[in-house]
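As given in TrEMBL:
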| type | residues | note |
| --- | --- | --- |
| ACT_SITE | S217 | active site, charge relay system |
| ACT_SITE | D343 | active site, charge relay system |
| ACT_SITE | H372 | active site, charge relay system |
| DOMAIN | 137-378 | domain 'AB hydrolase-1' |
| TRANSMEM | 22-46 | transmembrane segment |
Amino acid sequence: CAMDWQVLTRELSLYLESQVRVGLFGSGVGLSLVLGFGVAYACYYLSSIAKKPQLVASNDRFCRFLEEYCPVVTETYYPTIWCWEGRVQTLLRPFITSRPQVQYRNELIKTADGGQISLDWFDNNDSLYYPDASTRPTVLLLPGLTGTSKESYILHMIHQSETLGYRCVVFNNRGIAGEDLLTPRTYCAANTEDLEAVIHHVHSLHPSAPFMAAGVSMGGMLLLNYLGKTGRDTPLMAAAIFSAGWNVFESVESLEKPLNWLLFNYYLTTCLQSSISRHRQMLEKLFDMDLVMKARTVREFDKQFTSVMFGYRTIDDYYEDASPCRKLKSVGIPVLCLNSVDDVFSPGHAIPVETAKQNANVALVLTSCGGHIGFLEGIWPRKCTYMDRVFKQFVQAMFEHGNKIFSM
């Protein structure tokens, strides 16, 4: 590949020289400049942007398993050539990627405190590979902070699972997916009670079906905190984590930088406020909602609302408990975590590389570009992202070949 680019560069250089001879004011000069810029940009892209991800894993058998059955994590990632910067990928992904059609079956389950949780099921009853519903592999999907089963990245995960014959169920956090709040309680990244209830419920419905989970952004943080708490005592056989915020202190500090506040923080804060405004009458029983609605950053919202709701003495106590980096060493099942080091929601320096090396069950895949839930690739990245390919290959690897991890 390197030789091909050397030949191409040499041929283009010769062509540029011939074009310059057309004359300073001739049309050849403009074409030469365009081609010259194109060659320079291509060389920069191939040398500095398109890179193989860093695979961090202390378990050689886990590494060999991934190399054989999930090879995408060892291949060069070619970000969209006109859209590779992290912030741009993050901003454009929701508008560029398609939204596959998915027909859900909704289920509301009750919680111990009198609340309810909305689950959206994609049963995949037409599965050719697993016609027996009792043994059809099941993937539990956890969306991001204000996300639901309608998010494009969730729809793409379901589409990938459908082609493999798997069943999916989406865990919508309380009060997010249109259902009413029956108690003055929503959700947070640290409290895993609702997730535990959902996992127990899904497993009880299909106890003979292989069972995995995948979490995105805050959904990934919640899933990691659950796995750190339960260790091996979980019906999940494996998990995939995408764009998790590993250290909440570092995440909010990054998001409070002027440009990031303008592009992401303020909008995310308004989304959080919008998600609870419909339940204002219920929440006013415990909170000063006027004060909550005045928040202009995620940190202010968490200080006035989230940390108070879940009984933390200070917001720092909540952020410490919500940070998955503190629990990673206790994870007891195979987990693959994909992050981009240019993600402003989860800065590269805050990714717990050394901690991951101390747990044989954990593998990190770190790309140099990709942003937050971006990972766009191809000239027009509408149908599939690098994240989608990692999800598909890892889920299939675990369901089809997971028993080989510890025998390789």
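Cβ coordinates are placed from backbone N, Cα and C, and glycine is handled just like the others.
D343 (active site, charge relay system) sits 5 Å from H372 (active site, charge relay system), counting Cα to Cα.
Rounded to the nearest whole angstrom, the C-alpha distance between S217 (active site, charge relay system) and H372 (active site, charge relay system) is 8.
Of all the Cβ atoms in the protein chains shown, 28 others lie within 10 Å of the Cβ of D343 (active site, charge relay system).
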